[in-house]
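What follows is a set of notes on a single structure, which appears directly below.
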Amino acid sequence: MASSWRLILFLSFTSCLSEYSEALSGLSTSYAALLRIKKSSTSSAFGSKSRPRYSSPSLGTLSVSPPSWRGAAQQYHSPVNLYHSPDAFRQDESVDYGPVFVQEPDDIIFPTDSDEKKVALNCEVRGNPSPTYRWLRNGTEIDLESDYRYSMIDGTFIINNPSESRDSGLYQCLATNTFGSILSREATLQFAYLGNFSGRTRSAVSVREGQGVVLMCSPPPHSPEIIYSWVFNEFPSFVAEDSRRFISQETGNLYISKVQTSDVGSYICLVKNAVTNARVLSPPTPLTLRNDGVMGEYEPKIEVHFPTTVTAAKGTTVKMECFALGNPVPTITWMKVNGYIPSKSRLRKSQAVLEIPNLQLDDAGIYECTAENSRGKNSFRGQLQIYTYPHWVQKLNDTQLDSGSPLQWECKATGKPRPTYRWLKNGAPLLPQSRVDTANGVLAIHSVNQSDAGMYQCLAENKYGAIYASAELKILASPPSFELNQVKKSIIVTKDREVLIECKPQGSPKPAISWRKGDKAVRGNKRIAILPDGSLRILNASKADEGKYICQGVNIFGSAEIIASVSVKEPTRIELTPKRTELTVGESIVLNCKAMHDSSLDVTFYWTLKGQPIDFEKEGGHFESIRAQASSADLMIRNILLMHAGRYGCRVQTTADSVSDEAELLVRGPPGPPGVVIVEEITESTATLSWSPATDNHSPISSYNLQARSPFSLGWQTVKTVPEVITGDMESAMAVDLNPWVEYEFRVVATNPIGTGDPSIPSRMIRTNEAVPKTAPSNVSGGSGRRHELVIAWEPVSEEFQNGEGFGYIVAFRPNGTRGWKEKMVTSSDASKFIYRDESVPPLTPFEVKVGVYNNKGDGPFSQIVVICSAEGEPTAAPTDVTATSVSVSEIFVVWKHVKESLGRPQGFEIGYWKDTEPEDSAETVRTRGNESFVMLTGLEGDTLYHLTVRAYNGAGYGPPSREVSATTKRHPPSEPPGNLRWEQQGSQVSLGWEPVRPLANESEVMGYKVFYRQEGHSKGQVIETQKPQAVVPLPEAGVYIIEVRAYSEGGDGTASSQIRVPSYAGGKITSAQSTLHSLSKWSSVTLLLALMLPSSSW
């Protein structure tokens, strides 16, 4: 219910705002030459007040947030500048601060007919301690006890049963805590109502046809704005506005520029309150035509126009009305004198209303409307002036000052007209005094004291609005204290160094500083100085400077002291050896750091590499710090890498000083990678490359090695170069023996006496130029195929060796013993076979064959000549002695003999078979390969007559079929399973018995039975055959056995019986008829029960 209520509230609220916005956007200028300025939906400012709240009769008071310019008046200042955001206050309740507005009261329009009968003016303030609230109406504080209708919850002021006569006015919230008070903006409470029209009958208006007329609305008392419309004759027939009819949204009057006979009737003025939506109707005004003729033509007479001076706020929308009576009906036009009407402007109601949204300063100027017809024209001019609400440029910040210090606060705001400034202290006007000046937004207090502490507000206002900025002033007054700035009680330095003893006591006013050594005052000289912040500095310290130093801070509220003891020690010296060392990658070294120091001081050693501390745990065991003696330390570097080269630092730290020394370590290693590799020139088999030298890593580069990679290589391969050996001082070379028309990328590797470095970044991918192919096809062979065909096959040339585009093959062949070659072109680079067909070529004719290559650059070499025979002929002899034997219900075994041939050697045999009830051309076929002369046909139908033929085949085709033979498949095995299966288990065997299976008429006779048994959990079982309906099954191992029985016949195995589960048990006897288990003393009854009850898996 709660969520539904909130939804209804939200929809009603948005509906109210939408209707209110529509009502306002429809208002315009008046018959009385007045201007109406209404809010734009995107406007950030609305009059001189914040946007009002509206009270719904059913939902109570509704509040609309104030516009953005109003938000500038609400300042969030952190006390003594300790916080950067207002939210920080909520997180630290220990900080005390003055009041800060969270929400200020909004303007409210309260409908007099509201069912709520309650008005709430909201005010919320933060502060620590929590603020208290008071309210003012029209500048006078409200006594909550003076009227039973008043109440306050937190800071919200509530008026029950509000009355326009007693409660309308300007309200302000005053919030106070121990730091002072702040005053909110003025919020207006006004009441919305709509009275009734006078009930007096209105006189008829009689005009001549063609004459203009004005029908007066004379609205009843109302607040605030109302919206006008007119009803013609009866509701809801409304007067439609056009170039001839116009309704002024200022006076509500209806203007008809030229009356027609269709206008005769009764007119009623309908007014609607923009807030309450209440509507009332006026008495009807009859409009009649006189019978003394038609009105002649006359020039326009402007009846509605805007004022001579129009003022409007920046960002709002202005609407200017202009309408004229005349015959013919006048046309209205608009212009801006000495300028152009803004492009964003819109003309409404047949150009009678000029609407300019989102007003800007450059929209100001003189506007003119002109009414014109064939009899003449009339114009009217007025000036549009744009004003702006105050807007902050510079606000106030919370401030704390020492007593006696000067204060200067400045607030700046823009606006048109230019804003004036007023100052408030604790909610009351601040007037100039002997120490206080206020002028042009500047507040100056020449010497602050505790009475000046409090909450201050700067008020910037012009005739259209006001904004507030608030800040807190704290006056500090306290004796000197060192609690927040503690000083080291013992200071140790070395000779000839600087001593700095800080002395920064907190206090207000700022304490005066003095120093003593023992009981003698410290006087400044060339070595000793008291700095502006109170600290004592001693240069070139010596033993004579040792002792206790006392700093004293004094102000009018008291004094405080600190004592620091100074000790002067001998300076520390350090030596790091060896100073410069050259090593090779993989070697080790020890750096020794020795310190000479004051014996009363402890020393600590720190090691650095290239200015950064060495992390001994993250360096992979390369570094180890060894402390053999109190005054020395060693750095062990093992298995040195190139990255370990650089300047090593040893720093010795005592409580008095810190000294350091450095040593340089050079590491020789393999070269770094050469720079960018550039391909400068390309031919069909070479590429000229250049590169920038590699880093030699302190060992001269002896040679470079060129490597290449292509789509056909296994990774990077070293290539031959010119010169053959690329010395370390060279930066270019030529890669040779490359394959034409292949994409390559190159890299360079440098070598020095220590080793080979990392390769360079690969060059860009390049392709060598095209060339005539040089590689002939390999493995030329052939044979087989169909009769009269010569089949030639070869291994295709890899793309790597095709050497260019347009690659193909030239197939040349000639009968063995002849001289002329016949050549055929094969254009596919992937081709591996060519078939030449000639009906005159006898089977197995030998041919000499060679295969060559070509591309766009020319012809390449041929392969070696090989001899290939043409295809053999089809088999000519039919298989003999074909027999077909039925094996089972679905199988027939076929056997034949074949005759050897010289020109038609079979590759295999094809057996065709079909049912007796089907034609031969529907035959299915099975093929064999090679010299096999038998086949088992499977998947046949039982008890069915099949016809069969056999024929040989090879690549040339099929031979003649054998004579037709026939065979009938066996009848189906019995479909009835063995029934009434009985068993008796004794020891390690089980005796079975069952009822004999009797086959149906279309089933084969039972030849015997098969008993299938297996141990549970095993997939493989055993079979026992028997001709009788009984059997003995051995159970060799302990466990549970699964047993089933099938009848078998010449048609195969029949349907299986239901499975039984039999336990193998050495003691006792179990039968399938037993229903109790009491005799099984050694058998687990639970196990046996499970064995008998659980279902078994099928075979």
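Heads up, the Cβ atoms here are built off N, Cα and C, so glycines get one too.
Bear in mind that the values here come from a model prediction, so they are computed numbers and not experimental data.
Screening ASN697, ASN779 against Swiss-Prot annotations picks out ASN779 (annotated as N-linked glycosylation site). Per Swiss-Prot, CYS411 makes its disulfide bond with CYS458 among CYS369, CYS458. Here CYS551 is paired by Swiss-Prot through a disulfide bond, and of CYS503, CYS593 its partner is CYS503. Each of CYS123, CYS217 is a candidate, yet Swiss-Prot gives the disulfide link of CYS173 to CYS123. Swiss-Prot lists a disulfide bond between CYS369 and one candidate from CYS269, CYS322; that candidate is CYS322. Within its own chain, the region 'Disordered' (958-983) is flanked in space by residues 874-880, 882-892, 894, 896, 904, 906, 910, 912, 916, 940-952, 990-1000, 1002-1004, 1006, 1009, 1029, 1043, 1045-1058, 1060, 1062, 1071-1073, which lie at least six positions past its ends and keep a Cβ under 8 Å from the stretch. Spacing of ASN196 (N-linked glycosylation site) relative to ASN1002 (N-linked glycosylation site) is 109 Å (Cα to Cα, whole number). ASN196 (N-linked glycosylation site) counts 10 other C-beta atoms within 10 Å of its own C-beta, drawing on all protein chains shown. Cα spacing between ASN1002 (N-linked glycosylation site) and ASN816 (N-linked glycosylation site): 67 Å, rounded to the nearest whole number. Under the three-state DSSP scheme, ASN138 (N-linked glycosylation site) falls in the coil class. A mean pLDDT of 95 is what the model gives for the domain 'Ig-like C2-type 3' (300-385). Long-range Cβ neighbours of ASN540 (N-linked glycosylation site) (same chain, at least 6 residues apart, Cβ-Cβ under 8 Å): ASP496, ARG497, GLU498, ARG527. Using Cα positions, the member of the glycosylation sites ASN449, ASN779, ASN816, ASN931 nearest to ASN397 (N-linked glycosylation site) is identified as ASN449. For ASN779 (N-linked glycosylation site), the nearest neighbour among the listed glycosylation sites (ASN449, ASN816, ASN931), judged by C-alpha distance, is ASN816. Residue counts for the domain 'Ig-like C2-type 5' (480-569) under DSSP, split into helix (H, G, I), strand (E, B) and coil, are 3 helix, 48 strand, 39 coil.
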